[in-house]
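Engineer: Have a look at the structure that comes next, please.
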Amino acid sequence: GRVNVCFVGRDLSLQSWPVSSIPSSVELWCCPWSRCCGIGDFRPRTVWLGHPEKREQRYPRNVINNQKYNFFTFLPGVLFNQFKYFFNLYFLLLACSQFVEELRLGALYTYWVPLGLVLFITIMREAVDEIRCYLRDKEVNSQIYSKLSMRGTVKVKSSGIQVGDLIIVEKNQRVPADMIFLRTSERNGSCFLRTDQLDGETDWKLRLPVACTQRLPTATDLLQIRSYVYAEEPNIDIHNFIGTFTREDGDPPVNESLSIENTLWASTVIASGTVVGVVIYTGKELRSVMNTSNPRHKVGLFDLEVNCLTKILFGALVVVSLVMVALQHFAGRWYLQIFRFLLLFSHIVPISLRVNLDMGKMVFSWMIKKDSKIPGTVVRASTIPEQLGRISYLLTDKTGTLTQNEMVFRRLHLGTVAYGMDSMDEVQSHVFSAYTQPTHDLPASRAPAATKVRKTISSRVHEAVKAIALVHNVTPVYEANGVTDQAEAEQHYEDTCRVYQASSPDEVSLVQWTESVGLTLVGRDQSSMQLRTPTGQILNFTILQIFPFTYESKRMGIIVRDESTGEITFYMKGADVVMAGIVQYNDWLEEECGNMAREGLRVLVVSKKSLTEEQYQDFEARYVQAKLSVHDRSLKVATVIESLEMEMELLCLTGVEDQLQTDVRPTLEILRNAGIKVWMLTGDKLETATCTAKNAHLITRNQDIHIFRPVTTRGEAHLELNAFRRKHDCALVISGDSLEVCLKYYEYEFMELACQCPAVVCCRCTPTQKAQIVRLLQERTGKLTCAVGDGGNDVSMIQEADCGVGVEGKEGKQASLAADFSVTQFKHLGRLLMVHGRNSYKRSAALSQFVIHRSLCISTMQAVFSSVFYFASVPLYQGFLIIGYSTVYTMFPVFSLVLDKDVKSEVAMLYPELYKDLLKGRPLSFKTFLIWVLISIYQGSIIMYGAMLLFESEFVHIVAISFTSLILTELLMVALTIQTWHWLMIVGELLSLACYVASLVFLHEFIDVYFITTVSFLWKVTVITLVSCLPLYILKYLRRRFSPPNYSKLTS
């Protein structure tokens, strides 16, 4: 039930959503028929408002279909997916061979029941998933919306919506298809969208209606005008859109450019007002659907190892069969004999291994979910919990993962003077004096330009604060608080009812800070902004243009007109790297940015430029022209904006601190002691990243740090790598650009050196670089990696890693939804790995080896039996005995090994060194496998030879003695393996024994009921069982005594 998403544009690579809310794989089959109908290829379109019948081409139905199969393909599909694996196909061929008379070894059900049971469990699991999917899809497809038509407003199901329909969407309703925003009921002429189901960001986005349609008196007038939307062909970029709106019956005809601000993408939710939109894309052409791709199916290393062991067992099966036929000197129809022996010894490869391990993983996942010490943890990939027990490299994001992503304003720097937390009252008094002193009725900034006097510090502070209060995308929203209702709160700008909405926590922290020093943002709509001064006066500003922040430009700008003076000002803020080339020459910007970054602050540079009316009119004409172009629009627009971004006046630097999450230091300490190397990959600046790494003790106090110099050429990279090679045991700090150069020319050398470092910090990393580093670590070291992140830019790294852990953070849920495991805090990672990861791996290893032992025991007995009876291909046990052996008689005790643990969870957390032992893969290795094979051969031989030695008259007695001894041996071996008893284990042992004793009444065709009640039977079984198990108990005792494992030293 997961879908993954690939976003192009902004810094997001792969994203993921909850299926419940996302239109995924919507009718995605691309059959020749759909191509004939014109659905196959994507083309631009002209959409007439309210006239779906005027369409030029056929568009897909607006149906959501998340199902993997339909009614007809379900059974064939599930069976194909099962039998494409070699072992399942092998068991199917075995079962089918029983229909051939010469190959039949006993009752048909001895082969078909176990196979049927495995398939039944799989089919039921798939069926439950499919039914859930179907019900969720049906719920979304059946949602009712209002549609404007010539007959008035009619109700329509989501699945009945067509391109060109005018759809009304209420507040808190999901947008059913990709639409252009035409009208809103909000007075300010805009609306907010919640996009967390689309791009994972929790902050609301502002959307603007088409100006021409918003001015119409009523919504029904949309059907009276002759107008159309020209939209680009459907594509996967959710952050950009190019289109135009044309009204033909206007005088003159109206032409408006459309961009992302005018769109309402499907799967977003309207957060304010009621909106009307025209549908432009449906079904598989929706942006959200085009972004869905199937996630990489992760197969655990443990599964691959078990697979390898079963292949060895299959090899052994073939060899044993050939040996048996060879000992018969290939007499008669020997090729048929080979097949009969292959069937006879088929238990060497255990059919129940896969099912046992899958059920075990479900139990481990359930335990993780139910652990009260790590509340809110979700397991999204229940197939790889044991991977958590063998992590060698942990790659973590910084912002929101190690830090809280809660911004606190710390520093205002004006070049000659800086204000910290302790001197904010000075800033407050400067702002107050700027608005109260009679000489400052017009603040200093408005003094005639002719008087080239140096500005007073007070006016500089005031200018800086005003700029910070204006250049942002924050909107104050008023909510009823029980005393005041919403309308009244909006009217009086009630402080207690105001909350700020923005697309980044940095923005909100800056606006909250300007409020704390006296300049409050009290109102905002798409065309104006209101600030309240310390004296209570309201300043009105008209917003002429906004240039939003993007990851590429790393800056945002706004042009405003002060209503009281008519002055036009262009304000801009952005990262120091881009702003250094935009502001006028100064001698302090670079140095102070470095100083603030070293303190761990996130730095923004704020600047301004005054414009005359003529300058602005000229700019606006060029800007509107660029925005109307359909080809290379973004390039033309950027060129026009850059013509303004020159020689701007540097106002100030702001420093915002992002505080560490709780218990980050002890968690990193635990991980380090467990032998896990931690790498921090962040998009932040080098100084900030280094400071956070020291602060979080990722780099310890006494560790040297090698800061990799910026390199651009092969030669520079070579010299710098040589310099780094000479240093020992020091942490590496490198920027994304230098990393790119090193990986281009010296990939092997760089990775070899980096892997030896105790800690690595990569700053200024792009999402693709993060994923590339994970991939290189996997390839170069062959070790398991775990990636932890919380934002959309971490998704590609999370999906590339062997284990992806998402932290539910301020940046939304896209990382936690794309991850295999999602936690609420970074500190939960310690317990997830040290306790659950360790237990899952050790238990899976014990379970798999025990299931193999169980199968090998009975196969050894069969081999001994056949060799004694002149290599006859006759089964030793038939019918229910053979089925019962691996199900009701031994299933519960063997499966109860998933509850076993060697140490208490508190001890595992206290001694993370225990985790180190697992990194070598010792719980399941060729050595342990060989030991279990030898144990199986020893026990199988003892039981079989013992039964033959001690039986008196009838063959039935051999079956009774050997089978009872076998069951008892298995139960005793489980008891021997268990390290910590759980009450369910005891219940499992007793229940299995009871089942066997009770079933003896019905098994009279295989076992002599009168014989098993005799003393002779009892002493023979006891002797055989003791001889098969006692030596192993003695060996275990001696080993614990003279060579105890690490954990036993802690438990004793």
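For all residues, glycine too, the Cβ spot is worked out from N, Cα and C.
Positions annotated as active site, 4-aspartylphosphate intermediate by TrEMBL: Asp397. What TrEMBL lists as Mg(2+) binding site is Asp397, Thr399, Asp790, Asp794. Taken from TrEMBL, the feature ATP binding site covers Asp397, Lys398, Thr399, Glu507, Phe549, Lys573, Arg602, Thr682, Gly683, Asp684, Arg764, Lys770, Asn793, Asp794. Residues or ranges marked as domain 'P-type ATPase A' by TrEMBL: 152-285. Taken from TrEMBL, the feature transmembrane segment applies to 71-93, 105-124, 304-328, 334-357, 851-871, 877-899, 929-949, 955-976, 983-1003, 1009-1035.
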Engineer: What counts of helix, strand and coil residues does DSSP assign across the domain 'P-type ATPase A' (152-285)?
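Structural biologist: Within the domain 'P-type ATPase A' (152-285) the tally stands at 18 helix, 52 strand, 64 coil.
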Engineer: In whole Å, how far does the CA atom of Gly683 (ATP binding site) lie from that of Asp397 (active site, 4-aspartylphosphate intermediate)?
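Structural biologist: On Cα coordinates alone, these residues lie 8 Å apart.
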Engineer: Taking Cα-Cα distance, which of the recorded positions Asp397, Phe549, Arg602, Arg764 are within 10 Å of Asp794 (Mg(2+) binding site)?
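Structural biologist: Correct set: Asp397.
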Engineer: With a Cβ cut-off under 8 Å, give me the same-chain residues at least six positions beyond the ends of the transmembrane segment (1009-1035) that come close to it.
Structural biologist: 935, 938-939, 942-943, 946-947, 950-952, 956-957, 960-962, 964-965, 968-969, 972-973, 976, 1000-1001
Engineer: Validating a neighbour-count step here. Other CB atoms within 10 A of the CB of Asp397 (active site, 4-aspartylphosphate intermediate): how many?
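Structural biologist: For Asp397 (active site, 4-aspartylphosphate intermediate), the count of other Cβ atoms within 10 Å is 29.
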Engineer: Mind checking which residues reach the transmembrane segment (983-1003)? Cβ under 8 Å, same chain, six or more beyond either end.
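Structural biologist: Long-range Cβ neighbours of the transmembrane segment (983-1003): 880-881, 884, 888-893, 895-896, 899-900, 964, 967, 971, 974-975, 1009, 1012.
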Engineer: Have a look at the binding-site residues (Asp790, Asp794) and report the one with the fewest Cβ neighbours inside 10 Å.
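Structural biologist: Fewest other Cβ atoms within 10 Å, among the binding-site residues Asp790, Asp794, is found for Asp790.
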Engineer: For the transmembrane segment (929-949), which stretch among 304-328, 334-357, 877-899, 955-976 has the most Cβ pairs under 8 A?
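Structural biologist: Comparing 304-328, 334-357, 877-899, 955-976 against the transmembrane segment (929-949), the winner is 955-976.
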Engineer: List the Cα distance (Å, whole number) between Arg602 (ATP binding site) and Thr399 (Mg(2+) binding site).
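Structural biologist: With the alpha carbons as reference points, the distance is 11 Å.
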Engineer: Considering Cα atoms only, can you say which of Asp397, Thr399, Asp790 is the nearest neighbour of Phe549 (ATP binding site) among these recorded positions?
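Structural biologist: Minimum Cα distance from Phe549 (ATP binding site) across Asp397, Thr399, Asp790 lands on Thr399.
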Engineer: With every protein chain in view, what's the tally of Cβ atoms within 10 Å of the Cβ of Asn793 (ATP binding site), excluding that atom itself?
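Structural biologist: Result for Asn793 (ATP binding site): 26 other Cβ atoms within 10 Å.
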Engineer: Looking at the transmembrane segment (71-93) and the transmembrane segment (334-357), are there 3+ C-beta pairs under 8 A, with each pair at least 6 apart in sequence?
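Structural biologist: They do touch: at least three Cβ pairs between the two stretches lie under 8 Å.
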Engineer: When you scan the chain for residues with a C-beta under 8 Å from the transmembrane segment (955-976), skipping those not six or more beyond its ends, what do you find?
Structural biologist: 850, 853-854, 857-858, 861, 876-877, 881, 885, 889-890, 893-894, 896-897, 939, 943-944, 946-948, 985, 989, 992-993, 996, 1006-1008, 1011-1012, 1017, 1020-1021, 1024-1025, 1028-1029, 1032-1033, 1036
Engineer: Within its own chain, what residues at least 6 apart in sequence put their Cβ under 8 Å from the Cβ of Arg764 (ATP binding site), listed in sequence order?
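Structural biologist: Within the chain, Arg764 (ATP binding site) has Cβ neighbours under 8 Å at Gly683, Asp684, Lys685, Leu686, Ser735, Gly736, Asp737.
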Engineer: Roughly how many Å separate the Cα of Asp790 (Mg(2+) binding site) from that of Asp397 (active site, 4-aspartylphosphate intermediate), to the nearest whole number?
Structural biologist: 8
Engineer: Counting only residues 6 or more past its boundaries, what in the same chain has a CB within less than 8 Å of a CB in the transmembrane segment (877-899)?
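Structural biologist: 105-107, 109-110, 113-114, 117, 347, 350-352, 356, 359-360, 363-364, 843, 846-847, 850-851, 854-855, 858, 959, 963, 966-967, 970-971, 974, 977-978, 982, 984-985, 987-989, 991-992, 995-996, 999, 1002-1003, 1005-1006.
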Engineer: Report, in whole Å, the straight Cα-to-Cα distance of Asp397 (active site, 4-aspartylphosphate intermediate) from Asn793 (ATP binding site).
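Structural biologist: Each residue's Cα considered, Asn793 (ATP binding site) and Asp397 (active site, 4-aspartylphosphate intermediate) end up 9 Å apart.
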Engineer: Specify the count of other C-beta atoms within 10 Å of the C-beta of Thr399 (Mg(2+) binding site).
Structural biologist: 26
